[in-house]
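The structure under discussion appears below in the form of structure tokens.
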Amino acid sequence: MVEESATVTISTEEDQSITVSMDGNLDPSYEKFIESQVHIDNIKASYWRLYTFATKRDWLIMFIGLIFSGAASATLPLLTILFGKMVDYFTQFQMRKIGPDEFASEVNHDTLIFVYLGCIDFFATYIYMAAWVYTGERISRKIREKYLRAILRQNIAYFDKIGAGEVISRITSDTHLIQDGISEKFVMTFHYLCQSITAFVIAFIKNWKMTFVICCLIPLVGITNGIVNKLSAVFMKRTSDFYSRSGRIAEEAISTIRTVTAFGTQKKLSNLYDYYLKDAKVEGRKKSIASGAGVGFTFFFIYGFFALGFWYGTKLVLDGELSPGGIVTIYYAAIIGSFSLGNITSDIQAFSFATGASSKIFETIFRVPPIDIESEEGEKIEVKGHIQLKNVSFIYPARPTVQTLNNVTLDIEPGATVALVGSSGSGKSTIVSLILRFYDPVAGEVQLDGHDIKSLNLKWLRRQMSLVSQEPVLFNTTIAENVAHGLIGSKYENASEDKKRELIENACLMANAHDFIMKLPEKYETMVGERGFLISGGQKQRIAIARAIIKDPKILLLDEATSALDTQSESTVQDALDKASKNRTTIVIAHRLSTICNATKIIVMNQGTIMEIGNHEELMEKKGAYYSLVRAQRIQSIKENPDLLNSSIPSEDLIIEEDDHHLGRVITNLSASSTILSKRKADLEAGMKHDYEYTTWEILKKVGKINRPEIPQIIIGLLAAIFCGSVYPVFAIIFSHILQPFGKPPDQLKHEVNFWSVMFLVIAVVSLIGQTVQGVAFGYSGANLIERIRSLSFASMLRQDIEFFDDELNSVGVLTSSLSEDATRVNGLAGITLGTFLQVVTTVITGFVLGLAIGWKLTLVCAICIPLLIGSDAICVKMLNGFQKKTKKAYEESAQIACESAANIRTVAALTREEDLCNIYHQKLDEPMKQGFNNALYASISSAFAQSSVFFADGLAFWYGSRLFRDGEYDLNTMFTVFFTIIFGSMAAGRAFQFVPDIVKAKQAAASLQLLPDLFLDLP
């Protein structure tokens, strides 16, 4: 008995050997070689790496944007100076130190400053928002293009690890996360950071002691955010990996939907897809816990330093180092600074998500494959077509325990036609892959005209050959363009259109394709559909043959090139191939032995070794392995056609007359193709439209139905959001009372100061609990929503009939992109976005109600700003909705290019179409780029108005409040309470506008998913 650790050594010539242990372990040297074929360097996630592909122009625009962002950030802190003066005016007027006229004059002057600051803020905000939205679009586009180019550059072994589904997930969902993290969210974070710094600088200038005490807790905010960002990036990377795996399953299932339907494996594939979604959901929940706790502690520290600052400020007043008005100025500056830090926490998550999503993308972009199609190195020789394999052994990196070729040596003379025959898995197709240099052997050499092909330029090498695969791949374009793909890299690549058309038609005539093409409605301009589904298998094969012979290659590789043809077409095409094989080296792989009887040399293979070599007559005389194959096919043919038993055909030639039905494919009737094409044309001419414009309420109801199991968490999140939204108005009331204790006896002053300090601490604790509960509850429900939408959408897709997938609007790229992107974006109507938006609305409503209760006149006058905000919001939503529809469609079309390229990478590599596909993808991204530019120009107006509205609302409150105070209708406490309530409400309203783009994208994504006919079938 052989122990498990024993090894078997397979001896080879020239003292070479392949050592494989019985437990499946490779010899270390070969294991190292195979690992090098699939190795990917781990790249440490870094936010600043996202800007790797920014040009000097991008940096200039971003720099200008940052300057204007810094200018806009200074406007709100400058209000603290105006506010300090306002306190002095009101105090002096109350103490009758200035008269009514002087009081009104000073108020009017400062009101104009409010307006001036608002105009400056509007202009600066528009510039920096437009600049960063524009550059975000440009940089993310470059990342998409670099990623696709890197994908097409990779060696074939790389694709044995990943699938087209993962590529789609990266190039759609992950790049959108990157775009979110490098556009307006970054500049808004910079804006709030500068605003916070400016505010605290003003506070330091006023009194450094009190400001220092307040700021001592700020490092805790930074530490908290640092920890949260680190954890979020880790969880985001894991989530992205699981989504990529599920995307791979979805792409494979949808691209082979006919096979999936035929074998009834929809449920099994759906369960496998759900398996990875559950893992992604778990990581999403972890991320929500980290984010929720981070936001909660941030607000706890912010409100905590108000309690500490108020207590210490009172001590300074009692010591005569600070006036009550100074406390108000410092506090107002601290409010702006701290609220700005709080606003950063909502945007800063986008950086973590972008960083986590970029990790795999940049690993691919920076990976230099061991077989590099973009390398300019290597010789370009005069090709004769002499191919040699010398002691070649090969192991597929994806199957390291199986040796596919074992010490194979063969010599193919120039101009010879060599046939490879043998059972499945004998290594025939592997030899073709090695000649095309899809892989490198683990031992031995593959030579062309005496040169190791590793020393030849790879792109040049592949352009000397043409391949016709067993399963022909056509691209989703016209017949003429598919055939013309064979001219890439030839001397006719840049020929005139007339010359190309002549070559195309001649090639189709040789391949017996011209006649059926001319019967199609659009002839050579007929679209073949995705993977050529609009034409039959035999028709696809003939077009693929035409594509292979159009450039008159030196080497022709035929992998069962006639397997899909009927008997009549096969003989005609075989004659054409026999003619095309003259004066060139031809390698034929065949199961159907009738196609290779005239071959110069027949090589019989079995389990990775060569068993016999010779021509047909020589091998039949030997009565060896080849003779057995012929006999086996003869017996099968007699079973299927008993008349052959009594025929006079010699037994060794019976195989030539074998029945096509056995080894051929089912031939699709030509009329079916023509019917589909004619019907589609008629549909288009009739202007058929299947879109339905869903209202926001309808979409919310559908999303709510999907999220129904999480109703308890959603209710908890809603209550927490309302709770947190109410904190701001309550804080305004407390803040407005800080002046009241001053002027009272010291003992009473200390008592009231202690009371209001405790109130600040209560708000801090309430915010900690509320923000944490809100983040966790909505994050939890959001993760479940994304999982359920992806699962339901995929299951719904698999239930559709084949006609659904025949529609070009439902291509593999479009559907997998929808699964990856739309499901994630729908969370903008739920999840954290919903919670934050509800919190903002609660702040505005609660502040408005409190304002009415305390001072209704001033509140109502200031409320006239609300219709302006809502109106601009509605206009912004309408514009963004239109942009988003166009952008989404364009991105789906570009995603289809990426999906088709990755799914058919062997055909792409054989045709050297990499550069061509990158150019097409570049053109497809022109429309999203244009819409992104429009978005930057027009939608930024709404954001600018939202930011500047604070100044107009505060200026109006200041001016009208002074009138009420001068006339004796309001006292100082009422004035301050209403004023701060309005300030916080307007700041919250401005913050609400940040979520408009996310909500619009979510609405559009949800509407897109509604087009699936039975999306909700699986819901209880």
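Cβ coordinates come from backbone N, Cα and C, glycine included.
Note: TrEMBL annotation is automatic and uncurated.
What TrEMBL lists as domain 'ABC transmembrane type-1' is 63-351, 715-1001. The feature domain 'ABC transporter' is assigned by TrEMBL to 387-632. Look at TrEMBL and you will find 59-83, 113-134, 186-205, 211-228, 289-313, 325-344, 714-735, 755-780, 829-852, 858-880, 936-960, 972-993 tagged as transmembrane segment.
Comparison of 59-83, 289-313, 714-735 by number of C-beta pairs under 8 angstroms to the transmembrane segment (186-205) places 59-83 first. Looking at 211-228, 714-735, 936-960, the range that has the most CB pairs within less than 8 A of the transmembrane segment (59-83) turns out to be 936-960. Residues belonging to the domain 'ABC transporter' (387-632) score a mean pLDDT of 86 in the model. Long-range contacts of the transmembrane segment (755-780) within the same chain, counting only residues at least 6 positions beyond its ends with a Cβ under 8 Å from a Cβ of the stretch, are 284-285, 287-289, 291-304, 306-308, 310-311, 710, 713-714, 716-717, 720-721, 723-724, 727, 730-731, 734, 737-738, 741, 830-832, 834-835, 839.
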